[in-house]
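Database features, via Swiss-Prot:
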COMPBIAS  88-109  compositional bias 'Polar residues'
COMPBIAS  193-211  compositional bias 'Polar residues'
DISULFID  24-66  disulfide bond
DISULFID  49-75  disulfide bond
DISULFID  51-77  disulfide bond
DISULFID  121-164  disulfide bond
DISULFID  148-180  disulfide bond
DOMAIN    119-182  domain 'Sushi 2'
CARBOHYD  33  N-linked glycosylation site
CARBOHYD  43  N-linked glycosylation site
CARBOHYD  116  N-linked glycosylation site
REGION    86-109  region 'Disordered'
REGION    189-219  region 'Disordered'
TRANSMEM  237-257  transmembrane segment
């Protein structure tokens with residue numbers, strides 16, 4: 001019995017740290033009149049299982065994680081109400097709104113094609129009674145692509161991409177080189193943008209770590225608290241599990257040794 005317990009404790013201590021991925025502390029930067037989307041998701045990416053109003057997620061399915069080329073689990077939402085008829089009517093109305101919202105969100109990103117790379121996951125399929133907004137926790141190396149919303153055109157001198165990178169010991173997103181302006185005033189902004197581009201053509205230096213960083217936007221308190229909570233809770237549970245296993249192993253070893261010692265004394 002002891003060798004099996006020792007092996008279980010050893011596996012727990014070695015597997016838990018190996019699953020760790022460096023999460024991006026903040027959300028990707030927002031660009032006015034533009035939306036961003038990931039073409040694929042790197043290993044370790046976490047998606048919260050959020051449910052719309054009137055529904056709640058199952059306790060054992062708090063989030064789903066990208067592992068290999070697929071997501072670790074499927075989110076599920078259950079109703080808070082026991083009224084069957086009211087639940088059906090509400091679900092139908094919410095489903096119609098959800099379909100419209102999903103269609104509107106997909107319009108500006110129709111020209112984007114999802115990558116099919118090893119170690120990446122595609123966009124997770126929607127689950128029943130899902131919230132209209134998805135909350136992702138990206139990992140280092142993740143890139144997101146930006147596009148202007150309908151009615152706006154892009155003014156850019158560089159790629160409309162933001163990448164989560166490690167800089168000076170902290171993770172942060174690069175600033176996308178994209179400005180979205182009204183289609184009716186696009187020609188005016190284009191002329192002024194060309195004149196400014198000739199004056200401000202010096203590339204940014206990425207070799208040194210300045211004291212005050214301007215590349216990465218400051219997060220809101222709510223975003224920081226949410227992402228820190230997911231990260232700390234996950235590792236607190238892992239550490240507590242390892243400690244529990246170690247204590248159990250020590251107790252079982254002590255009891256076994258005591259039993260053998262008493263048995264040996266009786267034989268003497």
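Residue numbers in this text run from 1 along the chain shown.
Just so you know, glycine gets a Cβ as well, placed from its N, Cα and C.
Secondary structure by DSSP for the domain 'Sushi 2' (119-182): 0 helix, 31 strand, 33 coil. Nearest to residue 33 (N-linked glycosylation site) in space, judged by Cα atoms and limited to the disulfide-bonded residues 24, 51, 77, 148, is 148.
Among the disulfide-bonded residues 24, 66, 77, 148, the ones whose Cα sits within 10 Å of the Cα of residue 121 (disulfide bond) are 66, in sequence order. In the three-state DSSP assignment, the secondary structure recorded for residue 51 (disulfide bond) is strand.
Between the CA atoms of residue 180 (disulfide bond) and residue 49 (disulfide bond) there is a gap of 32 Å. Across the structure, residue 148 (disulfide bond) and residue 164 (disulfide bond) place their CA atoms 21 angstrom apart. Annotation note: residue 33 (N-linked glycosylation site) sits in a coil segment as assigned by DSSP. Among the recorded positions 24, 43, 66, 77, 164, the ones whose Cα sits within 10 Å of the Cα of residue 49 (disulfide bond) are 77, in sequence order. The subset of recorded positions (24, 43, 51, 66, 75) lying with their Cα within 10 Å of the Cα of residue 164 (disulfide bond) consists of 24, given in sequence order.
Residue 43 (N-linked glycosylation site) has 24 as its nearest neighbour among the disulfide-bonded residues 24, 51, 75, 77, going by CA to CA distance. Using residue 51 (disulfide bond) as the reference Cα, a 10 A cut-off selects 75 from the disulfide-bonded residues 24, 66, 75.
For the pair residue 24 (disulfide bond) and residue 75 (disulfide bond), the Cα-Cα distance reads 22 Å. Mean pLDDT, taken over the domain 'Sushi 2' (119-182), works out to 91 on the 0 to 100 scale. Here the Cα atom of residue 77 (disulfide bond) is found 20 Å from that of residue 66 (disulfide bond).
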